[in-house]
Amino acid sequence: MAAPKVAVVGAGVVGLSTALCIAETCPSCSVTVLSDQFSPNTTSDVAAGMLIPHTYAGTPIHVQKQWFKETFTYLFAISNSAEASEAGIHLVSGWQVFKNSPKEELPFWSDIVLGFRVMSKAELQKFPQHQFGHTFTTLKCDCPPYLLWLEKRLKATGVQIYTRKVTDLWELHSEYNVVVNCTGIGACQLVGDEKLFPVRGQVLKVHAPWVKNFIRDGDGLTYIYPGIREVTLGGTRERGNWSLAPDPGTTKDIFDRCCSLEPSLQGAQDIKVKVGLRPSRQHVRLQKEVLSQGGVKLPVVHNYGHGAGGFSVHRGTAKEAACLVGECIAALQDSSSGAKL
């Protein structure tokens with residue numbers, strides 16, 4: 001068959017990374033990214049981009065650990081390259097503190113981040129309301145520059161990028177051999193996934209260049225994540241809330257909570273409010289499906305539903321999705337060669 005044509009629908013961090021992995025693992029493919037929204041207007045642009053994994057209840061821990069390890073390894077290499085600043089990736093050290101000791105003293109990802117250990121009593125003096133903590137070094141991704149860096153990499157690899165709103169995956173069957181669905185919360189409408197729901201997140205982006213260390217309260221609801229250009233303060237987790245309008249009361253609550261962890265933030269300047277809808281479900285939907293109409297078949301690979309943990313596992317799930325695309329292409333090539341016999 002001719003060079004297989006693959007369409008990736010969605011241009012957040014998952015869509016762009018998946019397209020890049022497909023282009024890298026299947027150089028004979030023609031890959032196209034289709035989306036009605038690109039940076040700076042994606043959910044990924046709002047994300048804090050810290051590599052501290054979220055746990056998916058419906059996914060085996062060893063799978064989640066592999067996704068995180070692959071993502072950490074990939075971004076760590078970029079952070080050690082001349083492209084680190086352009087890609088918005090840097091190492092950041094800090095503390096995860098708990099008012100009460102957590103059930104698990106060691107999270108599953110503790111041996112992937114750098115220098116993970118339990119905090120000393122002297123270190124805990126910084127947080128008088130907390131009695132236990134971890135300290136470690138991880139990676140922070142400034143999301144808008146990273147998305148632009150991914151777009152640049154895609155174009156350099158020959159991937160086509162078009163602005164297009166796809167309302168039905170089947171509309172692509174006459175143009176593409178395989179379609180990859182990376183539409184995040186858009187999959188609610190696009191494929192009618194009733195297991196997918198929004199978890200509204202409101203964050204503040206502030207100018208506070210003296211804040212060098214991340215601080216994360218145990219449940220991850222309150223956090224201070226310093227980036228290269230600004231500090232992200234969070235946050236909220238409002239399940240089922242579709243509103244993208246900033247809430248002033250929530251802004252004050254986030255700011256007060258973060259100042260209680262880091263009082264120097266009272267002097268923060270240039271406060272911007274951002275809202276995003278995390279595409280959440282019990283587990284990431286990462287699977288093949290074959291759509292069929294009137295005897296015509298369209299192989300689809302789904303890769304969405306990463307919720308609060310998309311940045312922490314995006315490269316790992318993209319690699320797995322690219323493998324599934326490879327399987328779809330191999331099956332198409334087998335059937336086309338069989339048809340010639």
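Backbone N, Cα and C define each Cβ position, glycine as well.
As annotated by TrEMBL, signal peptide applies to 1-19.
The feature domain 'FAD dependent oxidoreductase' is assigned by TrEMBL to 5-323.
Residues or ranges marked as FAD binding site in TrEMBL: THR43, SER44, VAL166, THR183. Cβ neighbour count for THR183 (FAD binding site) (all protein chains, 10 Å cutoff from its Cβ): 30.
The D-dopa binding site annotation in TrEMBL covers TYR223, ARG278. Long-range Cβ neighbours of TYR223 (D-dopa binding site) (same chain, at least 6 residues apart, Cβ-Cβ under 8 Å): ALA48, MET50, PHE214, ILE215, ARG216, ASP217, THR232, LEU233, GLY234, GLY235, CYS258.
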If you draw a 10 Å sphere on the Cβ of ARG278 (D-dopa binding site), how many other Cβ atoms land inside?
24
Cβ neighbours within the same chain of SER44 (FAD binding site) - under 8 Å, at least six residues apart:
GLY12, VAL13, VAL14, CYS143, LEU147, GLY310, PHE311
Recorded FAD site residues THR43, SER44, VAL166, THR183, farthest C-alpha pair in Å:
19
Taking the Cβ of VAL166 (FAD binding site) as reference, which residues of that chain separated by at least 6 in sequence fall under 8 Å from it?
VAL9, LEU34, ASP36, LEU172, THR183, LEU190
For the domain 'FAD dependent oxidoreductase' (5-323), what is the mean per-residue pLDDT, to the nearest integer?
96
Taking just the CA atoms, what is the gap between ARG278 (D-dopa binding site) and THR43 (FAD binding site) in Å?
7
